[in-house]
């Protein structure tokens with residue numbers, strides 16, 4: 001099948017499409033995009049389940065590490081105030097992990113923006129295609145109404161005026177038959193009229209889902225950013241309660257990161273299968289939803305010299321009929337108007353209607369050509385298979401960096417918390433120190449008493 005203009009499957013599409021797939025019984029599953037097949041659905045669920053497996057392993061590792069830290073920690077000698085060896089290394093490991101998490105957040109914001117741009121391009125292509133299809137229906141309806149009105153009024157009046165000349169009446173009736181032929185042929189060109197599938201509705205649904213997806217990822221990114229910043233603040237101020245709260249929040253964000261990773265991985269794999277060969281699936285789905293013939297769908301989705309225009313015969317007959325009407329009106333204007341002056345007004349009105357109809361007909365021919373809709377199809381594929389897929393991969397990288405950084409933080413924070421000095425140590429500060437909290441409190445009380 002011919003590829004849409006400007007679209008070629010990317011290297012990421014080929015790489016993800018070649019990954020092996022298996023169902024729940026670990027039997028191989030073809031990589032062809034078939035979301036309606038149960039085995040293919042199981043294969044995507046299994047890809048998402050790998051993230052759940054990673055979450056379980058990371059939680060087990062964190063639990064074992066913390067249990068070992070709590071149970072196997074050597075007792076501190078009484079009266080010891082100096083931190084044990086390696087304490088600074090633990091703190092710096094935690095800070096490094098938080099910085100990696102912050103870098104992952106930047107990657108996540110970029111990936112979220114790329115995904116949103118790709119979906120926006122898809123929606124714009126659908127809206128433009130809907131505009132083209134609506135314009136075709138509108139032009140056909142307008143031309144048919146004009147021709148029917150001309151048959152009912154001007155041509156009927158012209159036949160009544162020319163009753164004394166049978167050959168002129170025959171010419172007027174010939175123009176009537178030609179106008180009826182054009183109207184009949186034009187009605188068959190509005191191929192999208194009555195089709196239940198609306199590109200406008202699809203674009204609105206896609207935009208609605210994308211708004212909530214974008215917002216959900218922004219909230220997740222902001223939540224992780226706040227966790228990283230407040231954790232750094234807790235380490236800097238050696239605040240035990242803040243570190244405890246951030247430990248709980250880090251565990252929550254860790255679960256969310258692994259969950260988003262599974263969703264992103266399954267979506268990226270399924271999207272790569274679709275983008276590797278989109279024509280066949282789109283053709284079959286559109287034919288099922290619209291009931292249109294395969295000749296029309298092949299013409300617009302493929303748009304190459306091997307596929308003929310299914311409307312060419314109707315367009316040719318309509319153009320010939322319009323040319324015949326034009327020649328007949330010229331003959332009537334030349335023969336009938338000098339003998340029947342009252343025939344001039346309907347003849348001029350018919351010529352005006354014919355000129356407007358011919359202009360609309362040329363515009364309709366341009367809209368019916370496959371170039372416009374095929375260009376929209378290619379734009380939609382580029383948005384979905386390039387920008388959106390690239391954004392998903394960046395979001396997948398963000399989730400991976402986030403999961404690794406938060407797992408490291410969860411292992412490091414309890415050890416860093418254990419190194420914080422007890423609250424009694426803060427009471428040993430110099431009474432003359434202006435930054436001493438007790439001294440500051442006494443200073444405020446002294447000012448209020450003045």
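Counting begins at 1 with the first residue displayed.
Cβ coordinates are placed from backbone N, Cα and C, and glycine is handled just like the others.
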Same membrane side for residue 23 and residue 334 per Swiss-Prot: yes
Candidate ranges 241-261, 262-282, 283-303 [criterion: Swiss-Prot lists as transmembrane segment]: 241-261
Range annotated as transmembrane segment - as stated in Swiss-Prot, picked from 215-235, 320-340, 341-361, 362-382: 215-235
Assigned conformation of residue 385 (disulfide bond) - DSSP reduced to three states: helix
Largest tally of Cβ atoms lying within 10 Å of a Cβ, found at which of the glycosylation sites 130, 284, 355: 130
Those residues of the chain, 6+ apart, with a Cβ under 8 Å from that of residue 385 (disulfide bond): 7, 9, 10, 13, 271, 274, 275, 278
Secondary structure content, the topological domain 'Extracellular' (110-214) (per DSSP, counts of residues): 89 helix, 0 strand, 16 coil
Inter-residue Cα distance where the pair is residue 303 (disulfide bond) and residue 284 (N-linked glycosylation site), in Å: 17
Inter-residue Cα distance where the pair is residue 130 (N-linked glycosylation site) and residue 303 (disulfide bond), in Å: 18
Lowest local Cβ density (other Cβ within 10 Å) among disulfide-bonded residues: 275, 303, 370: 370
Chain-internal residues near residue 165 (site 'Essential for the formation of the channel-pore'), provided their CB is under 8 angstroms and they sit 6+ positions away: 336, 339, 340
